[in-house]
Each structure stands twice: as structure tokens, then as C-alpha cells.
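Note sheet for the following structure.
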Amino acid sequence: MQQNRKVERRTILKAGGASVAALGLGATATACGGGSGAGDGTVTIRYAWWGAEDRAKRINETVKLFEKKYPKIKVKTDFQVYTDFWKKFNTQASGGNPPDVFQNAIGFLRKYDAKNVLLDLSEQVKAGNLSMDGFRAGLEKFGEIDGKLLGVPVGSNSMALVIDKPVYTKAGVKPEQGWTWDDFDAAMKKIRDKAGRAGDTGPYNVMYLYDLYLRQNGKAFFTEDGLGFTEADLKDWWTKAEKGVESGIYADQKKVAQIKPKSAVAAELSGGEFTWDNFTVRYSSEGKSEYGLAPIPTTDGKKTGQYLGSLMLSASKRTQHPKEVAQFIDFMVHDPEVAKIMGYDRGVPATQAQYDAYKPTDPVNKEIAAYEESLVAAGVLEPITPHPNGADVCEAAFLRLGEELGLGKRSVDDAVKQFFTESKTALSS
Amino acid sequence: MGTTVTHAPAMEDLSKDSEPRHGPVKSPRPAELKRRGRRENLAGYLFMSPWIAGFLLLTAGPMVASLYFAFTDYNLFDSPKWIGLDNFSEMFGDPRWRHSVQVTIWYVIVGTPLKLLAALGVALLLAQKRRGQAFYRAAFYAPSLIGASVSIAIVWKAIFSDDAIVDRTQKIFGVNVGGWTGDPDMIIYSLVALTVWQFGAPMVIFLAGLKQVPRELYEAAEVDGAGKLRRFWNITLPMISPVLFFNVLLETIHSFQIFSSAYIVGGGAGGNACGPADGSMVYTCYLYVQGFENSRMGLASAMAWMLLVAVALVTAVLFWSQKRWVHYEEGAS
């Protein structure tokens, strides 16, 4: 018996050791995932955004500034490029572990509100942790959906034609407010012939540009709960695109695909492309040339269909530190020092205080300011197109199918049909 | 196990461990043996418990769950809604799904035989005794170790881009198709090249198989005047056919599961996760897109089970076919 006991004890000791080791591993894993509060009253909040390296540098500086002012709040940061950001966010949010505070945009507000992910920040406004005063151009309303405050704008931006200035000069093209699509096509040909490169990366798969085109014609990409255009509309748009690709006024999609995530403009594949005006900041850090902004072509010589868009900060409904998160957002949108660090990276600052604090001195940012001022002066800004739940999936499909069209892998009819099938599925779920 | 006392030197070294078994007492009674056996089993299971728990929680559990999700509409946020076979009918009606099936089958059919050919060819070369043999074996095996890594996929993408090494080399030969990664029709071949390059693992297995072929057979054949080719065809190939079968099976299953390389080499291209115009949209890539981009976990689960069924079918066909071409030494055929 004695021997047996000996065996037993040893066995149990060994087995126990193994289990303890296993438990230990488990415990460290949980510790990494969960704990956000320490004994001394310090709390840690997680902050995530999408963007490029350049934006990350600036944001990390602002976070340092925040931590200095609020020594009891630590901020853990994380960033990805746009599409990867949403994949990661979606997975984290579904697992009940989204970042406490994160960058957001209009296209995702309804989607994640429907999924019960977004915190209604109006409680925090009432409690005095977050001020919604002092915003420019009615921006304080941008994050409001069905009476809930789901996002706080950090800046405003608008669609523009971002151009490689020397290329435009070389081709002798001078876009002016109110130029038409015919003018635009003529300009593209000039650039192709005189500057020896495609005039545009390819406007046909940019959802936000097609939206403007539709708005110029009294329609829009989305209604409150569906698509705002017909198959025939899209057929016209993409038929024109197909011709543009064939004639070489739009860039070769094979080449564009290979240089991603770098932009085709910065990679000198095209003379310009339609995107958000604050992107010149990014292109200037990516490319060697000088980049500027040109107005959106019009249908009637007047109406551009433009509106202000906005990046926002949202909070997670699951956060254990709503107060700290509100203080963080408040600091990021109101503090003048933050504006000086960020510049126009996320658009023109949303609050008057930040707008006044940063007066651009470099040509890139100066031009963004001038562009937005010119939009106000021209009186072309209108209310934003609604973004129903599923808008993001439609945008991805539009981009992808347009690209397949550009690559010659799909006929116009086929691409249109497929887009309507996919977006109907996305918008009905 | 472990109850009979052997006199192997190894056991002597572990004198402490083996002490209770040796003991001065007479040989243990059956009841005691049983009890001891049970205890040792228990200890064994305790030791395995982290892995058993891991298997149950991380593999078996999710599999059962995904089987259920396959019949539901599940977006990760709302609780799953039972929709019967709708996911499957949607899948079959979806042209993008059919495209991904096509791409995958193409990849398997082209990639697997090429990879096995490369593996067998190099194994035949390395089976002969020569100087630096160990070095060559290690060198040819190395890609298998690192080939699945993300960094290699990134390098691969660079190699096959416009004006990179492959593009320039093919231009020397007057082939002007541009970089493969931007071309919807060519990108899949860069993935085929990547898998062929990783022939090390099947090569090692082939090498082991080649070592097993009895020398006498070759000697006898040589005496009978059989040439090199004939010896390969009539001796080597039949003798290593079990190993060949094993490799075909393993590599085929493996090829069906390609994901990370396709995702990375094809990634970042516009709104696409998987290559320009879905050129490298292999099955698992589309599964990922549906699950994680479109939040359609129910559909993605259905797709995963469909893949499992397909791979099982292919495996069954391979097993059925082996009767015709695989020769086991002791067996009748």
C-alpha cells in the first residue's frame, strides 16, 4: 500500500503541476483581454481608428497630450487601414469586446446602431462630460440618428477631384467651379495626349462620386432604406466608364491593383482621382509631386451635389468607462493643441475653437481650407445622402464590380445585374 | 502498458520511477493491477487535459456550433434565425460562389500534380549518394518551413508585380504580359508557383519511400538489361506507390484549404480581399469575405461544411482509386 500511496502522490503532484501551468496560461490570457481598471483609480480605455502611418503618428501625439492632462486615464491605441479596420471592429464588436472609443463615419452609424454597439452619448452631454457647443456648419447634428447622439464629428470634408498639379499644368487644363462633365472628358483626353498618362484613376467605381452625379440629376445613391437609382442609370454610368478605360483616359486597373494600398495618383499612374479633399495630406506624404484640389464637374454648370461629410468619434455601448470616454472625445474635438497636431488630416476641424487654433501655413493644408471655403462661397453644399444599414457592403460591391468592369472581366450588363443582386441582399438584412 | 518489468537499460536509468514496479514484493495481483491501471489512466488524462479541453472548446465545440449556424441566418450580433436550407440554395445560385469553386478546383488540379512532380524529381536526385547530400536536403526542405508564412506571401507578391523580377525575366524572352499579381487571369499561377516551391514536405516522404525499395530488384532488373527509365517505371513507381498515394491525398486536401497566401498575394487590391476581379478568390477567401466582411456567418458556416463534404468526397474517390494503382508489398494486388 505504501508504494501505491507514493505513486499516487507523485502522480497527483505531477498532474497538479500540469493543470496549474495550464490554468496559469489561461489566467494570463484573460488578464490581457479584460482588465482595464487598476487599483489606484487609473482606468485604461482602448482607442482604435483607420488610417495610414502618417495619421497614426499625429494621433499618438494627441493621445500623449491627453494622458498628460488626464493622468488617471491611460489610452491604448490600435489602427488599421480602412477595410481591415472594419473587419477587425466587426469581429471585436460581435464578441462583445469592441474598443471603448473609435473613429466612425456616417455609413456605419445605422448599421452599428441596429446591432446595439454604439453608445448614446447624449447622457454624457447632460452629465457635462462632453460639450456639443461650438461646432461649425451644423456639424453637431451629423452624428445624430433617431434622436440619439452616436458620433461626434472631428472634422468635415467634402468630395473633390485631387489632382497632380504639374500634370494638369503640362496638359494645359485649368478646372474651374461649374465645369461640366464634357469639359472633364475633354480634359482627360488632353492629359492622356499631352502628359502621357491616364487623366483619372477611374471615377466609375467611387460610390461617393456617383452619388454626387446622381444628386446633380435629382436622385441619390441611397434613400432611407434602399438604392436611389435604377439599373438603367447605372448602365449609362458604366457604359461611359467602359469607353473611358478603352480609350486610355482612365488608368489601367491591372497597374492600379498592384500598387495598392498606395494611391494611383501618388504612384504616377493617373493625373487625378475623385476622393475626399483631406486626402491630399496623405498623397503628399506618399508621392513626389505636388497635389491640389479641383472642383467636382457638374451636369448643369452649377450644381455639384456636394455635401459635407465627416469623420467622427463614437463610443462602445459596452464600455465600462463612459465618463472617461466622453472626456476623451471632448478633449479631442475641443482642445486647440490637438488641432495644431492633426492639421487637416481628418478634414477641417469640426469645432470653431480648433478651426481657429490651426491656421495652415503649408500649401497642402492651405488649399484644403481654401477649397472648403470656396464651397461655402459657391453655395453648393446640400444635406447629406442618407446611409441605410448595409451601405458599407454596397460601397464595397460598387468598388469591386467597377474594378472588374475596368479590368474587362465583366460586361456592363453583368456588372449592373450583379450589383443590384448584392446590394439588395445587403440592404434587406 | 508499463506493468511488465523490462530490463532495458533506459528503465534502469530511471530507477526512481521504476522503483515501485520493481519493488521487493511479489508480482502484483490482478485487482491491484487494474486499480493501478486506472490510476495511471487518470494521470494520463490529467496530463492531456489541456489538449482535451483545447480540442473540445476550440475545435469540436465550434464545429458543432457551425453545423447549426449553417442552417441559420446569423450576423454575429442578433441571435441566429433558423432558415433551413436557404444558405445552401443561395450558395449554389451565387455566381461569385461558383467562380470561387472554379478557381479552387483549377488551383488544386494544376498545383498539386506540379508540386508532387517537383517533389518526386528532387527526391530522386537526392536519393543518390553524393557530397553535401544533407545540405541539399535541408536546402530543398526549407521553403516548406517558411512557405506558409505571411512574410513569404508578401515577398511573393513583390516578385510577381509589374517590373519586378518575374516580369523582367519574361520580357527577356519576349513575353509581355506584365506583372501577374495585377492580372485576374495570371494571379492564380503565382499562387501555384508558391505551392510548388514548397515541395519539401512531400519530398522528404518520397525520400523515405525511395529508401525502402529493395536494392535487389534494381540489380535483378539491371541484369535483365532494363534501362533507367524502365527501372523507374516498373520498379520505383510501383514500389513507392503507397507513398505516392499518401502524398497525393495529403497535398490534395491541403490545396483545397489554401487561404493565407491567396489572401495576402491577392489582398489590398481595391475592394477585394482576393485578387483583382476575384482572380485569386479561392473558396476559403470567399468564405472569409462572406463571414467577416459581409457579416454573414450562417452562410459562411454553410460554405465551410460544403467544403468539408467536397473534400471528403474527393478523398473517398482517391481511396477508391487506389485499388487500381497502389501496390502494397504484402497485399494481393
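Cβ coordinates are placed from backbone N, Cα and C, and glycine is handled just like the others.
What TrEMBL records for this protein:
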type     : residues  : note
COMPBIAS : B:13-22   : compositional bias 'Basic and acidic residues'
DOMAIN   : B:101-318 : domain 'ABC transmembrane type-1'
REGION   : B:1-33    : region 'Disordered'
TRANSMEM : B:42-71   : transmembrane segment
TRANSMEM : B:105-126 : transmembrane segment
TRANSMEM : B:138-159 : transmembrane segment
TRANSMEM : B:186-210 : transmembrane segment
TRANSMEM : B:231-250 : transmembrane segment
TRANSMEM : B:302-320 : transmembrane segment
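Cβ atoms under 8 Å from those of the transmembrane segment (B:302-320) belong to residues 66-67, 69-71, 87-88, 91, 97, 245, 248-249, 252-253, 256-257, 283-284, 286-287, 290 of the same chain, restricted to positions at least 6 beyond its ends. When each of B:42-71, B:186-210, B:231-250 is checked for Cβ pairs under 8 Å to the transmembrane segment (B:138-159), B:186-210 comes out on top.
Same-chain neighbours of the transmembrane segment (B:105-126): 133, 136-137, 140, 188-189, 191-192, 195-196, 198-204, 206-207, 210, 232, 236, 244, 247-248, 251-252, 255-256, 258, 282, counting only residues six or more beyond its ends whose CB sits under 8 Å from a CB of the stretch.
Long-range contacts of the transmembrane segment (B:186-210) within the same chain, counting only residues at least 6 positions beyond its ends with a Cβ under 8 Å from a Cβ of the stretch, are 103, 106-107, 110-112, 114-116, 118-120, 122-124, 126-127, 137, 140-145, 147-148, 152-153, 156-157, 159-160, 166, 177, 180, 236, 239-240, 242-244, 246-247, 250-251, 255, 258, 261-262, 265-266, 275-276, 279-280, 282.
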